[in-house]
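The feature domain 'FAD/NAD(P)-binding' is assigned by TrEMBL to 2-158. If you look up TrEMBL, you'll see A11, E32, L40, V76, W361, G368, V369, I370 marked as FAD binding site. Summarising the annotation, TrEMBL assigns NADP(+) binding site to H147, G148, N149, V150, R191, R192, E203, G368.
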Amino acid sequence: PRVCVVGSGPAGFYTAQHILKHHGGAQVDIYEKLPVPFGLVRFGVAPDHPEVKNVTNSFTQTARSERCAYYGNVTVGRDVTVPELQQAYHAVVLSYGAEDNRVLGIPGESLPGVHSARAFVGWYNGLPENRHLKPDLSCETALILGHGNVALDIARILLAPLPLLRKTDITAGSLAALACSKVKRVWLVGRRGPLQVAFTIKELREMINLPGTRPVLSPADFTGLENAIKDAPRPRKRLTELMIKTALEKPVEKPVEVQAAAPREWGLKFQRSPQEVLPSADGTRVRGVRMALTRLEGSGDSAKAIPTGDVEDLECGLVLSSIGYRSLPLDPAVPFDAQRGVIPNTSGRVEGVPGLYCSGWVKRGPTGVIITTMNDSFDTAQSVLEDLQVGTLDVSSSREGFGAVESILRSRGVRPVSFSDWEKIDAAEVARGKAAGKPREKIVDPQEMLQLIGH
């Protein structure tokens with residue numbers, strides 16, 4: 001059987017891995033829009049979390065398998081259509097993730113100084129499409145809308161001591177910009193309360209312990225919460241206890257010179273929903289966000305934030321909206337639920353289109369960590385294997401696989417990038433990084449990547 005996977009992030013690689021491991025004859029081809037593989041592992045994971053990126057070692061083993069091939073620099077839906085892939089392969093798995101962000105839908109959202117978290121993370125992580133972002137870091141206060149791990153990542157990158165960042169694979173351009181940053185206060189604002197935050201304890205602890213930075217949590221937000229979490233699941237309980245402890249702890253009296261050395265701070269604000277981004281007097285940039293104060297109806301994860309009618313203006317010069325990612329439809333031939341931003345499916349089988357599958361964020365929505373995506377991708381791969389076993393996928397007719405796709409691409413002037421091409425780019429990045437004392441210096445311009453491999 002010839003199987004094609006669209007997208008080379010964790011979802012794509014884990015799907016390929018599972019199929020190759022459990023079917024001794026399957027051939028899997030992975031297509032990727034960018035010249036370089038690994039998706040959000042490369043472009044989403046924070047630069048100071050190198051251990052999370054170790055999964056690329058097992059992805060590399062998969063890509064080097066003689067039954068697996070990687071074709072980068074190929075945009076499915078443009079360079080080759082999904083129906084064309086369906087002609088060439090017995091099964092097609094869409095694992096292309098969530099390449100857009102949810103919008104706030106409020107006045108002033110397009111003012112200079114307002115960015116999506118997705119673009120900001122892409123900027124410091126070297127995602128080619130975000131390389132020209134020029135966030136204005138000349139203000140003292142930044143406001144992040146959202147209470148998830150991405151919001152904490154951004155706050156940490158904005159406030160982290162430079163020596164800490166210099167040892168990471170953060171891009172040279174963003175490091176230079178952060179070196180001149182005036183930002184010393186970051187507020188993370190959410191519509192709901194402390195019991196509904198979406199970040200995890202590991203990320204929170206890391207933020208609390210960030211050198212040269214102090215947490216500012218209002219004790220009023222946490223009083224009486226000890227009782228509310230008595231019966232909460234253990235992770236939620238521990239997370240809330242850490243926030244309570246941080247909020248209620250008396251700051252240790254430090255010598256004056258130590259206090260002077262820790263001018264940076266961050267804090268959590270709750271039950272505030274953005275209503276409008278406020279422009280500066282001359283209308284050229286952001287000066288704050290008007291927040292509707294909310295009250296909670298219901299409890300736990302299902303609690304809803306209802307506006308009380310009161311508002312509050314929060315001053316800031318930079319707004320980063322971290323309210324979630326969104327998948328986009330790839331090809332008219334593929335069903336897409338625009339409301340939920342996913343491909344309608346059952347266990348990864350795309351509804352109404354036999355032989356078409358999906359895994360990862362485009363299958364279940366943009367939630368969870370790499371391990372969530374791994375399990376989800378194994379689930380889809382299992383569906384493919386079952387359909388091969390019971391004959392739902394007809395393997396009696398031979399399919400040409402990449403042979404058929406190659407002639408289509410050639411006729412359209414598209415040159416794919418192989419995995420060994422990527423390994424040349426990888427080696428160049430590692431060499432440049434070594435010279436700068438970093439694990440790698442990412443190349444952010446796709447043209448430069450292609451020149452490097454003689455394309």
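In case you wondered, yes, glycine gets a Cβ from its N, Cα and C as well.
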V150 (NADP(+) binding site) to I370 (FAD binding site) - Cα separation in whole Å: 13
Cβ-Cβ distance under 8 Å to E203 (NADP(+) binding site), same chain, at least six residues away: N149, L152, D153
For FAD, whose listed binding residues are A11, E32, L40, V76, W361, G368, V369, I370, the greatest C-alpha pairwise distance in Å: 25
Cβ contacts of I370 (FAD binding site) (under 8 Å, same chain, 6 or more positions away): P10, V41, V52, V55
Inter-residue C-alpha distance, H147 (NADP(+) binding site) and V76 (FAD binding site) (nearest angstrom): 33
Rounded mean pLDDT for the residues that make up the domain 'FAD/NAD(P)-binding' (2-158): 97
Listed binding-site residues (A11, L40, V76, V150, V369), ranked by Cβ neighbours within 10 Å, top entry: A11
Listed binding-site residues G148, R191, R192, filtered to Cα within 10 Å of V369 (FAD binding site): none
When distances run from the Cα of R192 (NADP(+) binding site) to each of the binding-site residues L40, V76, G368, the nearest one: G368
Candidate nearest R191 (NADP(+) binding site) in space, where candidates are the binding-site residues A11, E32, V76 and distance is Cα-Cα: A11
Chain-internal residues, separated by at least six, CB under 8 A from G368 (FAD binding site): D376
Intrachain C-beta neighbours of W361 (FAD binding site), sequence separation six or more, cut-off 8 angstroms: A11, G97, A98, Y325, S327, T367, T373
Spatial neighbours, same chain, of G148 (NADP(+) binding site) - Cβ under 8 Å, 6+ residues apart: V197, A198, F199, S322, G324
R192 (NADP(+) binding site), number of other Cβ atoms within 10 Å: 19
